[in-house]
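Record features, source Swiss-Prot:
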type	residues	note
MOD_RES	S25	phosphoserine
MOD_RES	S55	phosphoserine
MOD_RES	S687	phosphoserine
MOD_RES	S699	phosphoserine
MOD_RES	S701	phosphoserine
TOPO_DOM	1-69	topological domain 'Cytoplasmic'
TOPO_DOM	163-225	topological domain 'Extracellular'
TOPO_DOM	357-452	topological domain 'Extracellular'
TOPO_DOM	643-729	topological domain 'Cytoplasmic'
TRANSMEM	70-90	transmembrane segment
TRANSMEM	98-117	transmembrane segment
TRANSMEM	142-162	transmembrane segment
TRANSMEM	226-244	transmembrane segment
TRANSMEM	253-270	transmembrane segment
TRANSMEM	306-323	transmembrane segment
TRANSMEM	335-356	transmembrane segment
TRANSMEM	453-472	transmembrane segment
TRANSMEM	496-514	transmembrane segment
TRANSMEM	530-550	transmembrane segment
TRANSMEM	571-592	transmembrane segment
TRANSMEM	620-642	transmembrane segment
Amino acid sequence: MPKNSKVVKRELDDEVIESVKDLLSNEDSADDAFKKSELIVDVPEEKDTDVVERSEVKDARPAWNSKLQYILAQVGFSVGLGNVWRFPYLCQKNGGGAYLLPYLILLLVIGIPLFFLELSVGQRIRRGSIGVWNYISPQLGGIGFASCVVCFFVALYYNVIIGWSLFYFSQSFQQPLPWDQCPLVKNASHTFVEPECEKSSATTYYWYREALNISTSISESGGLNWKMTICLLAAWVVVCLAMIKGIQSSGKIMYFSSLFPYVVLICFLIRALLLNGSVDGIRHMFTPELEIMLEPKVWREAAAQVFFALGLGFGGVIAFSSYNKRDNNCHFDAVLVSFINFFTSILATLVVFAVLGFKANVINEKCIAENSEMIIKLVKMGNISQDIIPHHINFSAITAEDYDLIYDIIQKVKEEEFPALHLNACQIEDELNKAVQGTGLAFIAFTEAMTHFPASPFWSVMFFLMLVNLGLGSMFGTIEGIITPVVDTFKVRKEILTVICCLLAFCIGLIFVQRSGNYFVTMFDDYSATLPLLIVVILENIAVSFVYGIDKFMEDLKDMLGFTPNRYYYYMWKYISPLMLLSLLIASIVNMGLSPPGYNAWMEDKASEKFLSYPTWGMVICISLMVLAILPIPVVFIIRRCNLIDDSSGNLASVTYKRGRVLKEPVNLEGDDASLIHGKISSEMSSPNFGKNIYRKQSGSPTLDTAPNGRYGIGYLMADMPDMPESDL
């Protein structure tokens, strides 16, 4: 193309090259210039194709070795610790079996459509979260940065939980288990049971004192817990080694880390069903309380669980799907992974309540034995008449039914004096109604249940190895949500970035392995992700449905999948999902405002938990976590809206596209026109120096409403987009 070629008007079906700097500018003057300017380029179609083909051969983006590996990676990321220790708690708390109906409805309304959306944009644009949202709308490019920040915050404390699991795993190779009984304290005169343990339980004591060595408040740091520091280091080393070689390495690990938890859950379920009382737990779990289902709180908690169970907004879903082939059926993947996640939660719920049913039965038998002895003592002391005890009852082999009968009789006969007798009802339902979740379920309730298992060390090893694998699967996706977009955007070496990221996270994570570290884990879990992720996903939905255009997006899906997705998704993305997400955001803000910010501190002298409010500096950290997570969104918007950064200097808003694919930036636009048109890429293009950029318009494509900026969308770019090599992104 001659250097002195002039800009003239042509018909819409002519071949055109446009400047991305003009297209990405949101100022009216730039838009007017775009509307009036087109460059005449007469280029044979086959030569342009040669450019793409040769470039793709030279620079290929890493890809999954197989479809199974990819599915396992997505399953490993979405199926995490929350499926085991959060979903069963919510199910029990919110009406048992009745909770499954609102959860399933919201999975169809929010979960699958938004999961499908993230898979689609990642696979179509083939970049991480930063590149995807910057590509769709530069002014909303901060969404990707916000996702990275949230991923980093979550990774900080999530790996601490993996460290805890590693500690318990390492301590499980003992018979008996170290948390089976309370330790004895010896002094010069006599031996006695540790008072803190005697007031609570052996498993509770082991968790708070032996494992965490916890302080009494968040203000009392107490120094580092060296045992947990080593475990945290080991967890980060495992994550770093798995991620450092990219998806080829982490993908292979997924074969074990994603499948092993299912083996353990099935083994636990079979073993638990053979134990006495397991059926009571499952029956209690799925006894529906339909009246609870109508409460708004149930729907809010179900929506939040659906939202976080699938890992929406983290960027890991987008990062994993960006390594797929362009024609992969991501709709099938979205439905498959979503229902695998759902049925995993059901399986985990069956296991949890079968085990807790057994535990409740053991505790109930112990309660009956202790209270029977107390009744015998009261009879001998004359406080209870022997005549009111039925003659057929044998206290040496008393059943639960016999004890219930005696308890009711004594309660009626000694109505006024009954409270002073200190007898317990010993009901299995009372024990099952003690809802536990999170660390309380995994490290206290479940560990206590396993002490009553035959061959308890074996089951303990299996259980905590399962937790480690569940955690690692989610961690791989979380770290991928940081690494992939940064590598795609800034062209740094993945190995170096991975090591730096893991090393930095370990250093910051030392605050979680202080004696007060558990309180910081609670703080980060409550404030670093919930609201920021909701805002991120709402903006993702808006960016695709309204900024880019839902109609063009549906056309892109048709081109990519080979069929038009059901119209159901059109209405979900455009109307229902945004309204549901906005309602969930408002409800979460209201709930956060009504709930006093604080944490449950362990009181050593009382051997019980006590709710404490965060100190002033703690509140500052809570607010800072939320602000820092969403801060990139308005910052990037203002920078791009006000043109505070010169696109020619090489920033994220300036990217070169050609026939729907990203090209390396020519150093000199005019000097490189001829080589680009004739199918040659100069050696100078290897440097991603973003400056003047060019577009080539396909014949027959629409005009302004298909331009590649936030206002006009990117329809024609995505309509014929070949696989984009990572080096070209």
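Any Cβ shown, glycine's included, is placed from N, Cα and C.
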For the transmembrane segment (496-514), sequence-distant contacts whose Cβ falls under 8 Å of one of its Cβ atoms, 6 or more beyond its ends: 152, 155-157, 159-160, 163, 215, 221-225, 228-229, 232-233, 236-237, 239-240, 243-244, 479, 482-483, 486-487, 520-521
Contact call for the transmembrane segment (142-162) and the transmembrane segment (620-642): at least 3 Cβ pairs under 8 Å, seq gap 6+: yes
The transmembrane segment (306-323) touching the transmembrane segment (453-472) per 3+ Cβ pairs under 8 Å rule: no
Counts by DSSP class (helix H/G/I, strand E/B, coil) across the topological domain 'Extracellular' (163-225): 23 helix, 7 strand, 33 coil
Other parts of the chain folded back onto the transmembrane segment (253-270), taken as Cβ under 8 Å at six or more residues beyond its ends: 69, 72-73, 75-76, 79, 242, 344, 347-348, 350-351, 354-355, 459, 462-463, 465-466, 469-470, 472-473, 476
Per Cβ pairs under 8 Å, the stretch of 98-117, 306-323, 530-550, 620-642 packing most closely against the transmembrane segment (70-90): 306-323
Positions on the same chain near the transmembrane segment (306-323), where near means CB under 8 A and six or more residues out: 61-64, 70, 73-74, 77-78, 80, 82-83, 87, 103, 106-107, 110-111, 114-115, 118-123, 125-129, 132, 144, 147-148, 150-151, 154, 247, 330, 333, 337-338, 341, 345, 474, 477-478, 480-485, 488, 529, 533-534, 536-537, 540, 584
Sequence-remote partners of the transmembrane segment (335-356) [C-beta within less than 8 Å, at least six residues beyond its ends]: 71, 74-75, 78-79, 83-85, 87-88, 91-92, 100, 103-104, 107, 111-112, 115-116, 262, 265-266, 268-269, 272-273, 275, 278-279, 281-282, 284-285, 309-310, 432, 441, 445-446, 449-450
The topological domain 'Extracellular' (357-452): DSSP-derived helix, strand, coil residue counts: 66 helix, 0 strand, 30 coil
Long-range neighbours of the transmembrane segment (571-592), counting only residues six or more past its ends (CB under 8 A): 106, 109-110, 113-114, 117, 296, 300, 303-304, 307, 530-531, 534-535, 537-538, 541-542, 544-546, 550, 553
Tertiary contacts of the transmembrane segment (620-642), as residues 6+ beyond its ends and Cβ separation under 8 Å: 24, 26, 138-143, 145-146, 149-150, 153, 523-524, 526-529, 531-532, 535-536, 539, 597, 614, 653
Tertiary contacts of the transmembrane segment (98-117) (same chain, 6+ residues out, Cβ under 8 Å): 90-91, 288-290, 292-293, 298-299, 302-303, 305-307, 309-310, 312, 317, 330-331, 334-335, 337-338, 342, 346, 537, 540-541, 544, 565, 569, 572-573, 576-577, 580-581
Predicted model, mean pLDDT over the topological domain 'Cytoplasmic' (643-729): 37
